[in-house]
Amino acid sequence: MRIEEDLKLGFKEVLIRPKRSTLKSRSDVELERQFTFKHSGQSWSGVPIIAANMDTVGTFSMASALASFDILTAVHKHYSVEEWQAFINNSSADVLKHVMVSTGTSDADFEKTKQILDLNPALNFVCIDVANGYSEHFVQFVAKAREAWPTKTICAGNVVTGEMCEELILSGADIVKVGIGPGSVCTTRVKTGVGYPQLSAVIECADAAHGLGGMIVSDGGCTTPGDVAKAFGGGADFVMLGGMLAGHEESGGRIVEENGEKFMLFYGMSSESAMKRHVGGVAEYRAAEGKTVKLPLRGPVENTARDILGGLRSACTYVGASRLKELTKRTTFIRVQEQENRIFNNL
């Protein structure tokens, strides 16, 4: 046993210090990034935000809607091959280039992902997702996927420390997914005591990944557009959003009605709700590590997407970054004990 004395920070414990700017308008900010990935050699350009691979967020409808904003969607792994075929048949190449195919690490997952990728060469992203990316089996699966799909861009996670980022990149991952426990419907930190404050995880993992020519995606912990800006400021190449995109028409959650008002269910993928839906229930040897919440219906996701992108542009203008790429170089974090004036929050 040992204790690390270094202070670790989350998004709510910092603000970004404003700096002199020559920008005249938020419209002057370029949010599009251009990437060439380490292992796949593929090039991609777009806004580096990803809708999370949750079945109440990462749906085909969400992918179609967010593609118009140049935003990626990690489509959840529970669609059948036949459903994928129908989606591909009805989608343009522009939509497909904004889609990630999500998978677990079982042999059945591998075979299903292979069938999906074979449906259309425009599917260039694979998202290998497990709750605990520290297992040897997971690393071996990433290496197996890289060997099987040498030209596909592989995103793999989740981890929160630099040495594991390095191992995954060396095993074939182009992008490492960073975050354990920060999600709005994740209870891993409560059930297990395991986790890492998200901003510090992003800063440390970005440093490790960039040293090897890899990239990271900050996954979880964002509740406002300002948090998205902080993640990019901390060095994230991509930011994945779940709760901020939940509850919309495209989100796919079940709608329930209480006292004449309609709500949409949103739950973590390790929650009892998710396990009952997809594997018949919670196995006797494990605990659920997610919760289910009821969200008021939020309408089309396009309004939320515009709000997020608008906040991100505004953050860039406050620090003088004319491009999103420059934001991390222009970011100085200050530690704070309050974020906002909350006097009217309950009204």
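Each Cβ is built from the backbone N, Cα and C atoms, and glycine gets one as well.
According to Swiss-Prot, the protein carries these features:
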- C186: active site, thioimidate intermediate (ACT_SITE)
- 108-131, 216-239: NADP(+) binding site (BINDING)
- G181, G183: K(+) binding site (BINDING)
Check the Cα distances from G183 (K(+) binding site) to each of the binding-site residues K114, I216, C222 and keep only the ones within 10 Å.
C222
Measure from the CA atom of C186 (active site, thioimidate intermediate) to the CA atom of G234 (NADP(+) binding site) and give the result in Å, rounded to a whole number.
22
How many Å separate the Cα atoms of C222 (NADP(+) binding site) and G181 (K(+) binding site)?
12
Cβ neighbour count within 10 Å of N120 (NADP(+) binding site):
17
Would you mind reading off the Cα separation of K114 (NADP(+) binding site) from G181 (K(+) binding site), to the nearest angstrom?
30
Residue with minimal Cβ packing [other Cβ atoms within 10 Å] among the binding-site residues G181, G183, G234:
G181
Using a 10 angstroms cut-off on Cβ to Cβ distances, just flag whichever of K114, V126, C186, C222, V228 is the loneliest among these recorded positions.
K114
DSSP-derived structure type at A108 (NADP(+) binding site), helix or strand or else coil:
helix
Which residue among the binding-site residues A108, I216 has the fewest other Cβ atoms within 10 Å of its Cβ, if you could check?
A108
Rounded to the nearest Å - Cα separation of A108 (NADP(+) binding site) and C186 (active site, thioimidate intermediate):
26
If I take the alpha carbons of G181 (K(+) binding site) and N120 (NADP(+) binding site), what is the distance between them in whole Å?
34
